[in-house]
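Only one structure is covered here, and it is reproduced in the block below.
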């Protein structure tokens with residue numbers, strides 16, 4: 001499956017530069033708003049990753065737009081083409097519900113998957129590049145890092161690509177998650193994690209088991225792309241993100257123990273923040289411009305106290321911005337969409353395609369096409385989408401169409417909605433469901449409704465009327481007109497259209 005081989009972020013950047021996918025910017029650029037403007041224009045033009053080598057006021061380079069095209073997301077997952085991400089999804093579907101070989105031929109077919117599994121265990125190092133430089137105690141100062149302030153009304157600089165490492169009590173497996181972190185001071189950050197996310201759940205369990213005791217946390221900045229992408233991919237609960245990153249990368253993930261706790265962080269990370277969360281210590285977070293295109297509400301989240309900063313020599317700070325799509329999370333969503341399809345098809349073989357339009361904030365609206373087999377089938381599928389993967393917990397709208405509709409063509413989808421739906425019969429409303437905290441349209445923070453649209457052809461039992469059948473052209477006539485089309489010269493002054 002692998003074709004893009006790299007060991008760490010720096011090696012990945014070198015490979016991108018060889019392909020013309022990385023631009024070094026030597027002019028002084030301000031992390032306050034200017035980097036966002038340049039990155040936004042570059043992303044909208046499907047441009048390269050950006051390495052700002054001279055941030056104003058800092059001596060640490062800033063990397064932006066790393067995942068600014070689906071192609072670079074695929075490369076980060078070890079694939080040359082976006083279409084190959086379906087293979088990543090098939091591998092995840094296999095790992096989620098592995099099946100023993102049915103015979104010798106099946107064993108041969110599955111050997112590549114079994115071979116990849118050999119890269120799953122992590123490799124623990126006693127020393128690592130991420131600990132080449134160490135600051136602790138009073139020497140800790142987050143202001144050395146060129147953290148971007150992305151939008152004019154943002155409350156403060158914001159760490160965006162921090163890979164947060166936690167472990168709940170009595171758990172061997174660590175959790176990796178991407179949570180934004182507002183800079184409060186030289187050694188304080190706000191950890192914005194939602195209550196159902198892995199890090200927040202680990203913290204809740206810790207507080208129950210160890211009341212009043214500090215909760216160890218580590219944040220890796222500038223981890224290798226496979227590890228970052230592993231943290232945002234629907235990895236089975238029995239598989240660690242480090243193990244999955246090893247599968248993507250083609251060799252084992254190397255980790256090292258933190259200086260202040262037993263947590264293990266990526267050995268090649270550019271920067272690592274170590275510290276703790278004091279139970280009960282909270283702070284007001286925000287407002288920040290986010291992926292919806294709006295500034296979000298202010299809310300309270302735990303404070304992360306940093307006791308150690310370790311980093312590589314000549315460290316690179318990896319950052320991004322979030323705003324109205326397209327932004328980097330939206331591009332990431334387009335690429336990960338290809339990973340989701342085989343996972344859903346494993347559970348629901350009737351699904352033909354699944355699409356999360358980026359303009360729907362990457363996850364708030366889904367279009368599903370399916371081979372309908374019985375009355376009520378579309379409603380079963382929409383309920384399945386909402387419940388199967390936690391990534392779709394916040395999907396507000398699910399549109400289900402037949403397999404003659406192209407899920408990725410709005411003209412097709414709108415035609416199906418307007419010709420195959422009766423609003424009262426074919427609309428499903430579900431109230432009091434989990435909703436993204438950033439969704440200010442919901443009546444209560446974190447709780448709102450969902451809508452399912454059954455835009456499939458209706459079967460007996462779903463309608464009492466004779467159902468229409470689509471107009472189709474006569475293929476023989478089409479072939480005849482194809483033969484004489486150029487002679488007709490109808491569009492002689494411009495490109496012919498058929």
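Note that Cβ sites are derived from N, Cα and C of the backbone, with glycine treated the same way.
Counted within 10 Å of its Cβ, the other Cβ atoms near residue 290 (active site, proton donor) come to 24, all protein chains included. Marked as active site, proton donor by Swiss-Prot on the basis of sequence analysis: 290.
Under the heading Mn(2+) binding site, Swiss-Prot lists 175, 241, citing sequence analysis as support. Within 10 Å of the Cβ of residue 175 (Mn(2+) binding site) there are 19 other Cβ atoms, across all protein chains.
Around residue 178 (prenylated FMN binding site), the same-chain residues six or more apart in sequence whose CB sits under 8 Å from its CB are 161, 162, 163, 164, 228, 231, 232, listed in sequence order. Reduced to three states, the DSSP call for residue 178 (prenylated FMN binding site) is strand. Here Swiss-Prot flags 178, 179, 180, 192, 193, 194, 197, 198 as prenylated FMN binding site, drawing on sequence analysis.
Among the recorded positions 192, 193, 194, 290, not one has a Cα within 10 Å of the Cα of residue 175 (Mn(2+) binding site). When the Cα positions of 178, 179, 180, 192, 193, 194, 197, 198 are compared pair by pair, the longest gap among these prenylated FMN-binding residues is 14 Å. Same-chain neighbours of the prenylated FMN site beyond 178, 179, 180, 192, 193, 194, 197, 198, judged by a C-beta within 8 angstroms of the site's C-beta center, are, in sequence order, 164, 177, 191, 199, 200.
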